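A.B. asks: Handing you a structure now.
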Amino acid sequence: MPSQKSPTKRSPTKRSPTKRSPQKGGKGGKGAKRGGKAGKRRRGVQVKRRRRRRESYGIYIYKVLKQVHPDTGISSRAMSVMNSFVNDVFERIAAEAGRLTTYNRRSTVSSREVQTAVRLLLPGELAKHAVSEGTKAVTKYTTSR
């Protein structure tokens, strides 16, 4: 005689996730289901994981764009290219400033090393403008403190 399983009752300790009413606006929005890893379970209830923040220079690139060309927009792909460019230049300047600090047997990167790194990395007139803008920014920062 084959054994039949009887329907098991749920134990009171395990809870099912609470049912929510559907959101306005149909698909999409904040409450839309996203792919990826599921959250951890705590006492039988699914715990929602916080999404990791993606840092970007996007807002600053946009502010500069609006200062230079107020009526011009930027696509997300162009923004991605600009973000990669800023990251690349930042890494190059930081690496060069670090090397200069090591050559001078110092342990702290100062504004002088950063300025020299900019002069070494950027060509001619671009380096002059970058140095003057950097000096202006450092002066503004020190006077505001």
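Glycine residues also receive a Cβ, built from the backbone N, Cα and C atoms like all the rest.
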A.B. asks: Quick test of your reading of Swiss-Prot: among 2-5, 6-9, 110-113, where does it put motif 'SPKK motif 1'?
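C.D. replies: That would be 6-9, per the motif 'SPKK motif 1' entry in Swiss-Prot.
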A.B. asks: Any idea which of 21-24, 25-28, 133-136 is down as motif 'SPKK motif 4' in Swiss-Prot?
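C.D. replies: The range carrying the motif 'SPKK motif 4' annotation in Swiss-Prot is 21-24.
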